[in-house]
Amino acid sequence: MMLLPVYVAYLLGTASPGPSNMAIMGVAMSQGRRPALMLAFGVITGSLCWALLVATGLSALLQAWAQAIVAIKIVGGIYLLWMAWKAARSAVRRGEMAAAERASPGSAFSLYRRGLLLHLGNPKAILVWTAIMSLGIRPDAAPGVLPLIVGGCALLGIVVFSGYALLFSTAAMSRGYRRCRRAIEGVFAVFFTMAGLKLLLSR
């Protein structure tokens, strides 16, 4: 039962709208299920990387080295702004040109890498995982608690991120995207711009 708050906290944080979820939604509606799942697997891998950093204590060294955090913020913020630019370019284009551009998926590896970089570029993930670990790991905790936290949260991440990919790649969602493509891409552009600027301007 002591791990229940850990799983609930991770589930709420993962399922709530954020850059990763929005990116998966956009790819699912515009490119389909398989590309969205590859992007989701990249996001999941990025989350596990941060989890392992926190679990091994390397995150404390990373946080102590302020320049590293600043560098991650800059890279992550620029990457989000690049995603905003792509969405904005699609929003202002009309007709088949924009639809073809968004509907042509990249390679599986490029989509996976995009999801991985998207999550690794968010230094707040360190703080989230640190908070999650502090909820579940106590001085009297058994040695097996740490693998249960990482493994359980990994399974929840797979369910949530894959769920976004499956839900938003349905035929109904794809039809809705085609009808409202410019408005949807405009929303994505605004969201990624705000997220990128927030990351770049945060202290």
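Glycine too: its Cβ is placed from the backbone N, Cα and C atoms.
Pulled from TrEMBL:
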TRANSMEM  6-24  transmembrane segment
TRANSMEM  36-58  transmembrane segment
TRANSMEM  64-85  transmembrane segment
TRANSMEM  116-137  transmembrane segment
TRANSMEM  149-171  transmembrane segment
TRANSMEM  183-201  transmembrane segment
Residue numbers, six or more beyond the limits of the transmembrane segment (116-137), whose CB comes under 8 Å of its CB atoms:
2-3, 5-6, 9-10, 13, 19-20, 23, 42-43, 45-47, 49-51, 53-55, 59, 62-63, 69, 72-73, 75-77, 79-80, 83, 145-146, 148-149, 153, 199
Using a Cβ cut-off under 8 Å, which residues of the same chain at least 6 positions beyond either end of the transmembrane segment (6-24) come close to it?
36, 39-40, 43, 47, 80, 83, 114-115, 118-119, 122, 128, 131-132, 135-136, 149, 152-153, 156-157, 160-161, 164-165, 168, 188, 191-192, 195
